[in-house]
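Just below is one structure, and these are the notes that go with it.
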Amino acid sequence: MGAVLLSEFATEIVVPVCAVIGIAFSLVQWLLVSRVKLNPERHASGNSNKNGYSDYLIEEEEGLNDPRVVTKCAEIQSAISEGATSFLFTEYQYVGIFMVAFAILIFLFLGSVEGFSSKSQPCTYDKEKTCKPALATAIFSTISFLLGAITSVLSGFLGMKIATYANARTTLEARKGVGKAFIVAFRSGAVMGFLLAANGLLVLFVAINLFKLYYGDDWEGLFEAITGYGLGGSSMALFGRVGGGIYTKAADVGADLVGKVERNIPEDDPRNPAVIADNVGDNVGDIAGMGSDLFGSYAESSCAALVVASISSFGINHEFTAMLYPLLISSVGILVCLITTLFATDFFEIKAVKEIEPALKKQLIISTVLMTVGIAIVTWVGVPSSFTIYNFGDQKVVKNWQLFLCVGVGLWAGLIIGFVTEYYTSNAYSPVQDVADSCRTGAATNVIFGLALGYKSVIIPIFAIAISIFVSFSFAAMYGIAVAALGMLSTIATGLAIDAYGPISDNAGGIAEMAGMSHHIRERTDALDAAGNTTAAIGKGFAIGSAALVSLALFGAFVSRAAISTVDVLTPKVFIGLIVGAMLPYWFSAMTMKSVGSAALKMVEEVRRQFNTIPGLMEGRAKPDYATCVKISTDASIKEMIPPGALVMLTPLIVGTFFGVETLAGVLAGALVSGVQIAISASNTGGAWDNAKKYIE
């Protein structure tokens, strides 16, 4: 089989060191962001710039010396931060209850397999060997589920804290030019990206090593218990995404419908009662939700790869370095993203508005090219030249170059999905310009064009995902698909930095408007925000593409574990499962959309009420009651996130218990196939409409 160049001891050092470097880098970026002060202190030293001239005159003209502006920015920032923090704390209380309940369920389901016996049992895949008891698997799976859930919640919360810390600082830097503002917004995004990637890696690595103390040589049991980590991450992400999404959209619709359409005041005008809720929504939906979401995909793809590897030659021969191949990819990913980030913040400076989007695009290209080299090196030093992978009961012989291609195809598919998403959602290209043009004849044609754009934008990403599935499965069975998903997520730190940059810029624009800054500054923040809408869609594209691959890898792990060699579509049991599974994403979407609708209705009524009953509000003499609007969004999203979440979590348990494994296999396959299509089309339609609006403005 051939030996591995990287020793076990070296692996034990490389992985945590890379994770610590990632955390250290994010702290450095955070310190650099915190240099922008939010208290009005000006001109102690005459502040001379590169040319030796003082910036003073320019600042006079822009009204920059006005300490009231800085104070106002600080006030708005703290209002947004408080709103976001209180929402997340409320959400986490509810989610916490659910987390404990689900952990108990996991323990009961897994423990009851052998009637909670604490005796060793024959291994699932190798009956001659004895493995640790089912009770141990139940306990350790529950622990890793809770670990994953807590890490996921923490990822979202830290992301939100950083974003709300950076939004006003981005606004203040926009006074000095678009380049300075871009750097602050991007650095803050990088803080979130690197913290999340490094924390996810470190916690998983530590958990594997601690579990190993008990499991010893029983790697099959060890890595089966570790799968709980992925489940915990993604189940919390589900609630973060749904709750945050309902919050942000309800506030958005309420603020725009009454403010812009009925009262004809600008977006983010301080007279609008829903304006703080709208800005809070960007942070809890697009930052906290997205953070948890990508962490969930990342944890799941790592776990899926580890489970398959543990019953392949890596696990059977106890090759620790090869076993941790998924973690080594993520470690190199952190280093690659670190170099890539410097290209945006330190090596090149943005001087004009038109350079923003190319700079973000370069981030994707540079990270992908460097990562390809990184994967080649890791595969060369971390994997034997030839090995076997478990493939539905057989062991399939795989060469290391084939494994490299599996990861590489996932990585490049991610880039293609990113670029296609950008083409369909950026106002620099014809699809969005067509949508904007269709508005000449009214809202109906705009809706038709927008929906058509979304449906059309599915074509290339689906082919990209299909090709990566075919290549990776042909070479390395289910392990290939799991590492392809990891390849797509290997540059997660850069992907998240680009993604978090969007909402931070959006907030910065809102703060500029609310603080009454000049239109020059609003133009700069709008330019940052338009690029941000596109990057947010790119981030969603990555999340959807990787989730599709991860789901397939987990489906493979499920089918292997349930000892099904083939899923026959022609048996009625499987076929009804397929049809019902394909319906589930529609049911889920209906629930979430209706929730947004009813929450937005309450918001619209409240905003109208305030405009009608608070004297002097339209003239700017009275202050609106922001808190009531924040409360409406919070209450609605907390109440409404439970049913969709329960639908997703309980369906597999109910179907599996009452209808058996074959039907469940059908349900999972159906949901995967239809969910990907809806997700890509809906995400791109939304991004395109948003940017078409910006294009017209």
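Cβ coordinates come from backbone N, Cα and C, glycine included.
These come from TrEMBL:
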- 13-33: transmembrane segment (TRANSMEM)
- 94-113: transmembrane segment (TRANSMEM)
- 133-160: transmembrane segment (TRANSMEM)
- 181-208: transmembrane segment (TRANSMEM)
- 323-344: transmembrane segment (TRANSMEM)
- 364-381: transmembrane segment (TRANSMEM)
- 401-425: transmembrane segment (TRANSMEM)
- 446-471: transmembrane segment (TRANSMEM)
- 477-498: transmembrane segment (TRANSMEM)
- 542-564: transmembrane segment (TRANSMEM)
- 570-588: transmembrane segment (TRANSMEM)
Problem set entry | Chain residues in Cβ proximity to the transmembrane segment (477-498) (below 8 Å; excluding those fewer than six residues from its ends, i.e. six or more beyond) | 22, 159, 186, 189-190, 192-194, 196-198, 290-291, 294, 297-298, 301-302, 304-305, 308-309, 312, 325-326, 329-330, 332-334, 336-338, 340-341, 360, 363-364, 367-368, 371, 374-375, 389-392, 396, 398, 402-403, 406-411, 413-414, 468-469, 471, 535, 538-539, 542, 545-546, 549-550, 552-553, 556-557, 560
Exercise. Out of 13-33, 181-208, 364-381, 446-471, 570-588, which stretch has the largest tally of CB pairs under 8 angstroms to the transmembrane segment (401-425)?
Worked result: 446-471
Seminar exercise, completed: If one takes Cβ-Cβ under 8 Å and requires six or more residues beyond its ends, the residues near the transmembrane segment (364-381) are 4-6, 325, 328-329, 332-333, 335-337, 339-340, 343, 400-401, 403-404, 407-408, 411-412, 414-415, 418-419, 487, 490-491, 494-495, 498, 538
Problem set entry | Interface-richest range of 133-160, 323-344, 570-588 toward the transmembrane segment (13-33), CB pairs under 8 Å | 323-344
Exercise. When you scan the chain for residues with a C-beta under 8 Å from the transmembrane segment (570-588), skipping those not six or more beyond its ends, what do you find?
Worked result: 644, 647-648, 651, 655, 659-660, 662-675, 678-679
Seminar exercise, completed: Counting only residues at least 6 beyond its ends, the same-chain positions whose CB falls under 8 A of a CB in the transmembrane segment (181-208) are 15-16, 18-23, 25-27, 29-30, 32-33, 36, 144, 147, 151, 154-155, 158-159, 162-163, 165-166, 169-171, 173-174, 222-223, 226, 229, 233, 287, 291, 294-295, 298-299, 302, 306, 324, 327, 330-331, 333-334, 337-338, 341, 344-345, 350, 356, 359, 492-501, 504-505, 508, 524-525, 528, 532
